[in-house]
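A.B. asks: Please find one structure pasted underneath; my questions will follow.
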């Protein structure tokens, strides 16, 4: 069987597993009648599933405090395709919901370290499952020394706050990962490309490092994923929408900086602390009758931090000093009016 045929078979098999997972998840939710937000849930990132199978959806491992049935099938591991060379991590998302759960990754092991290094995770091996939705990754680094397929194991225990295991755990899976030395990977992709269809057709071989999505290998990889609507335009490079900045578009951008402890929300709008308002938190709200400054503001407004916000044309700690340039015209008019009154 050619590599192209093997790749298509793997995609077909994974697509079947995806739809089976989706069907069982829907059935479980229908039987329970529960809303999908209240209990322990663990699923795989939808973008990665789309890269593997072409189907944009999430695959659940634990759904509403219940390990999904297909994971408990003894034949499940044999149905899974080999993780391709160009996939170096798998993203998971999880949350505990209204209950408290604790986790323990008791097994992270490569059974052939000459091909695949020991897998690792981007969180601590033991801890509490976050209450709100949070992402972590299982990293699968190839050794770079040898090409081949290595087997690796992952074990996860989930317990309640009373040290009772979640039904269906511990989960322990044995998976397979393909690794290829860079030179061999490029050469093999080159050979497949021309032997299959000259120059204008899809390439069924491994993609270059940093790209996914055979047959065209046009999907760039960014880790973490680009945030706030950013696009991954090249491996590890995010193109951010207006109002956001940072390597992963994680930071809001304000041309005029926020003051008085405000935080930028994006598009030059700040989230202000109590007692302040305005696009940049530059205005202090007027104090209630029982909130006053230690010393009275003469030409301004008392602020929550016991300082004065001066009216236009005034400055100083108590707004007693006048800005001559701004008030010169007003003062000259006042003097002229007084002189006219005396006449």
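In case you wondered, yes, glycine gets a Cβ from its N, Cα and C as well.
Feature table excerpt (TrEMBL):
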- 1-23: signal peptide (SIGNAL)
- 42-179: domain 'WIF' (DOMAIN)
- 250-282: domain 'EGF-like' (DOMAIN)
- 254-264: disulfide bond (DISULFID)
- 272-281: disulfide bond (DISULFID)
- 289-320: domain 'EGF-like' (DOMAIN)
- 310-319: disulfide bond (DISULFID)
A.B. asks: Based on Cα distances to residue 319 (disulfide bond), point out the closest of the disulfide-bonded residues 254, 264, 272.
C.D. replies: 272
A.B. asks: If you measure residue 264 (disulfide bond) to residue 281 (disulfide bond) at Cα, how many Å is it?
C.D. replies: 10
A.B. asks: Of the residues in the domain 'WIF' (42-179), how many are helix, strand and coil by DSSP?
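C.D. replies: Looking at the domain 'WIF' (42-179) with DSSP, the answer is 16 helix, 62 strand, 60 coil.
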A.B. asks: Of 254, 272, 281, which is closest to residue 310 (disulfide bond) if I measure between C-alpha atoms? They're all disulfide-bonded residues.
C.D. replies: 281
A.B. asks: At a 10 Å cut-off from the C-beta of residue 310 (disulfide bond), count the other C-beta atoms across all protein chains.
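C.D. replies: Its Cβ shell of radius 10 Å holds 20 other Cβ atoms.
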A.B. asks: Going along the chain, which residues six or more apart from residue 272 (disulfide bond) have their CB under 8 A from its CB?
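C.D. replies: Same-chain residues close to residue 272 (disulfide bond) (Cβ under 8 Å, separated by 6 or more) are 258, 260, 261, 262, 278, 281.
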A.B. asks: Quick one: DSSP breakdown of the domain 'EGF-like' (289-320) into helix, strand and coil?
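C.D. replies: The breakdown for the domain 'EGF-like' (289-320) reads 0 helix, 8 strand, 24 coil.
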